[in-house]
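Record features, source TrEMBL:
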TRANSMEM  C:15-36  transmembrane segment
TRANSMEM  C:67-88  transmembrane segment
TRANSMEM  C:97-117  transmembrane segment
TRANSMEM  C:144-162  transmembrane segment
TRANSMEM  C:199-220  transmembrane segment
TRANSMEM  C:227-248  transmembrane segment
TRANSMEM  C:260-277  transmembrane segment
Amino acid sequence: MHALSVNNLAVTYDKQPVLENVSFAVPEGSLTGIIGPNGAGKSTLIKSILHLLPTLSGNVTVFDEPYKQQKKLIGYVPQRSEVDWDFPTDALDVVLMGRYSHIGWFKRANRKEIEWAKTCLDKVGMADYANRQISQLSGGQQQRVFLARALAQDAKVYFMDEPFSGVDAATEKAIIKLMKEWKQEGKTVLVVHHDLQTVEDYFDHVLLLNKTPIEYGETQKVFTLDNLERAYGGKIAFLQRGTAVTQEVK
Amino acid sequence: MTYALWIIITGCLVGVTCGVTGSLLVLRKMSMIADAISHTVLLGIVGAFFVSQSLNGIPMLIGAGIVGILTAFFVESLHASGVQSDAAIGVVFTSLFALGVVLISFIGDQVHLDTKHALMGEIAFVPWDTLQVNGVSYGPIAVWMLGSVLILNILLIWLFYKEIKISTFDPQYAKIIGVPIVFVHYLLMTMVSLSTVASFDSVGAILVVAMLIVPGATAYLLTDRFFTLLLISALIGILSAISGYGIAYVWNVSIAGAMASAAGVFFLLAIFLSPKHGYIIRKVRNSRYS
Amino acid sequence: MSAFLDIFSGANVQWVLIGSLLLGFASGVIGSFVLLKKQSLISDAMAHAALPGVCIMYIIFEIKSVPLFLVGATITSLIATHSIQAIIKHSRVKSDAAIGIIISVFFGFGIVLLTYIQQNSSGNQAGLDSFIFGQAASLVRSDVELITIGAFILVIITALFFKEFKLTTFDPQFAQGIGLPVSFLNGLLLALVVGVVVIGIQMVGVVLIAALLITPPLAARYWTENLGVMAILGGIFGALSGASGAILSTVMENLPTGPMMVLSASTIFFLSLLFGSKKGIALKAVRQV
């Protein structure tokens with residue numbers, strides 16, 4: 001059984017194809033990095049999987065059931081820039097949003113839920129910031145609040161959109177720790193990722209994408225120079241500064 | 001004395017009802033939708049008059065509710081078809097409002113509904129238009145209508161507090177975790193339409209915009225807490241109503257216009273003096289860091 | 001029918017017709033640039049903000065003089081746009097709320113001044129009321145001449161700077177790069193918008209004049225992708241709306257002029273939305289079949 005399978009997905013924007021022929025199946029308990037050049041449609045892919053963008057064709061199943069019936073199993077960490085951090089609320093409150101589907105209509109979060117949310121904040125090293133206004137948090141701290149919110153969801157399949165971009169070392173560590181924990185618990189994680197240098201350290205599976213999947217599979221099989229050149233169109237040397245991969249290209 | 005009191009009570013109810021509902025739209029960056037709806041409900045009111053042949057409260061509320069939701073729907077459809085959002089709002093509200101104004105001129109003198117009324121309201125007449133049951137007067141109809149809409153709004157906010165908050169802060173995430181964001185959206189549109197039509201008699205279709213947007217935006221400068229923001233919006237609404245009435249009384253000018261102006265003054269004060277996000281405190285902070 | 005024709009033989013009506021044609025044309029052309037700069041709602045704020053300016057001038061000078069009103073309206077409209085920009089730049093309040101605040105507060109203040117004038121001015125009511133929705137019937141010969149000449153000047157200025165407006169609207173950075181005075185041109189466009197608002201205020205009124213800037217160019221977009229053609233077409237649609245609105249409100253006496261012009265423009269927009277040759281709904285439907 002696959003945790004996630006995407007079949008024949010296609011997305012267009014202004015009649016221009018952004019994604020076409022996207023099919024792949026992610027095994028349960030894997031950590032997948034989605035990589036590809038700028039404009040390859042990485043964020044578009046996870047947003048269309050999550051039904052945030054209209055698709056031209058294709059379907060998505062989660063544990064062999066249609067996506068819509070499995071919504072409760074999905075966790076999401078959006079890019080930090082997608083929300084307005086001037087919104088009047090505090091960190092704990094944002095994390096509690098992750099408990100929404102567990103609380104139910106017309107009810108308020110009870111003490112148990114609040115304790116749960118606090119534990120999640122603690123796990124990302126943000127216990128001291130529970131009552132801090134979100135506008136007063138640093139970029140990395142805001143990212144960790146989003147992580148804690150996803151953690152609070154207690155989902156089975158997690159999607160993260162460039163969680164490492166522009167964060168401090170403490171946040172990077174917290175993300176890695178969390179991903180490892182999720183993997184140990186048998187959860188499935190998909191991450192849009194930019195930094196080729198760290199792919200082999202972080203992920204056991206890789207999806208190489210450039211408008212259509214170039215290759216999907218275990219990292220050591222897929223993350224090869226050959227495949228990278230196919231995805232990045234031979235321009236790989238300009239993409240990353242001084243990484244192992246680029247040196248090989250030279 | 002009771003005359004002035006009824007006017008002040010009506011004004012305060014307008015301030016609270018619009019202030020609280022409008023603050024949610026300010027947070028959702030939909031202030032101009034509030035502006036659009038407050039114009040177009042005029043068409044709903046005129047339409048309700050043509051159907052029911054009276055200026056009764058209930059048909060007016062229904063008509064305004066329908067047109068308010070249609071306004072939001074038209075704006076979204078145009079936007080979805082590729083029209084930039086500001087132009088979509090501009091086209092929809094001017095068209096429907098113009099239609100409402102033209103239709104009013106067909107009503108003629110039969111009833112007390114004219115374009116001036118539509119713009120400025122007649123809060124000064126509110127105390128005389130009372131609810132009569134078996135010959136006993138139970139206070140102005142406007143107060144009853146505003147009171148009911150206020151209670152309904154508070155009830156809806158209380159019931160859907162979580163949903164409103166999550167879908168306002170992060171609509172995409174809200175959709176993923178199963179918050180019914182479309183329902184919440186149209187719920188708010190309905191609340192705005194009802195608040196507008198209930199306030200219409202008193203402050204007119206255009207000045208109600210001031211009461212919808214300005215208190216919420218002022219509160220947004222004063223607090224970082226969601227619930228406190230709702231409370232402060234209500235408070236600013238009340239303060240605007242009372243001081244607006246005072247100004248109007250002293251200089252013998254439009255009460256509704258004075259309320260809008262007073263709200264503007266509170267906003268101006270907040271933008272400079274807010275201890276959290278005011279211009280002055282920002283300057284001081286910046287100079288300290290540099 | 002002869003009564004209908006009689007109306008148009010009156011000299012005043014002919015002037016009104018020419019004035020509304022030119023006003024509509026000017027607003028359609030200028031509105032095209034406003035639309036593409038995404039400033040449609042800002043132009044609405046400028047229109048509403050003209051009301052207190054006009055009233056202040058009347059309170060100070062106690063005469064109804066259109067040139068004076070022009071000055072007052074220009075001052076308050078410019079204060080309004082600068083306030084919107086200042087609020088967005090210096091506070092956490094977002095642009096939609098900033099525009100809404102300025103529209104409603106300036107207009108509310110205008111209403112306060114209007115009622116003040118009505119209470120305190122002796123006899124001379126000035127007919128400032130008609131500034132809210134516009135009333136072509138209330139115009140006298142000199143008003144209409146002013147509208148006509150004013151609209152003509154606006155069209156000339158726009159024509160003179162057409163190329164420059166096109167460049168700065170399409171690609172401001174490139175325009176800056178080749179040495180165009182971009183901020184001057186932006187300021188000029190704002191001034192033209194104020195011009196439309198002020199000369200249109202008596203005929204269309206402050207509440208709906210923005211529709212003449214927004215709707216005709218938007219309708220034009222359904223027929224062309226070319227900015228030059230769009231501006232001309234917007235102008236023609238604007239002229240059609242202006243003239244038919246003026247005619248309808250003259251023929252059927254009770255109808256207010258401004259709303260009739262806006263409804264004419266809305267009708268043109270609706271037809272374009274359905275049948276436009278570029279993005280019209282009918283065309284899309286045909287293509288899908």
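Cβ atoms here come from the backbone N, Cα and C positions, even for glycine.
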Sequence-distant contacts of the transmembrane segment (C:97-117), meaning Cβ under 8 Å and at least 6 residues beyond its ends, amount to 41-42, 44-45, 48-49, 51-52, 54-56, 58-59, 76, 80, 83-84, 87-88, 126, 128-129, 206
Leading contact stretch, C:15-36, C:199-220, C:227-248 vs the transmembrane segment (C:67-88) - CB distance under 8 Å:
C:199-220
Lying 6 or more residues past either end of the transmembrane segment (C:15-36) yet within Cβ distance under 8 Å of it, the residues of that chain are 8, 42-43, 136, 139, 141, 144-145, 147-148, 151-152, 154-155, 158, 165, 169-170, 189, 192-193, 195-196, 199-200, 203-204, 209, 212-214, 216-218, 220-221, 227, 230-243, 245-247, 250, 261
Take the transmembrane segment (C:144-162) and find every residue of the same chain, 6 or more past its ends, with a Cβ under 8 Å from one of its Cβ atoms.
12, 15-16, 18-20, 22-23, 25-26, 29-30, 66-67, 185, 188, 192, 195-196, 198-200, 202-203, 228, 231, 235
Six or more residues beyond either end and a Cβ under 8 Å away: which residues meet both conditions relative to the transmembrane segment (C:260-277)?
20, 24, 203-204, 208, 211-212, 215-216, 218-223, 237-238, 240-242, 244-246, 248-249, 283
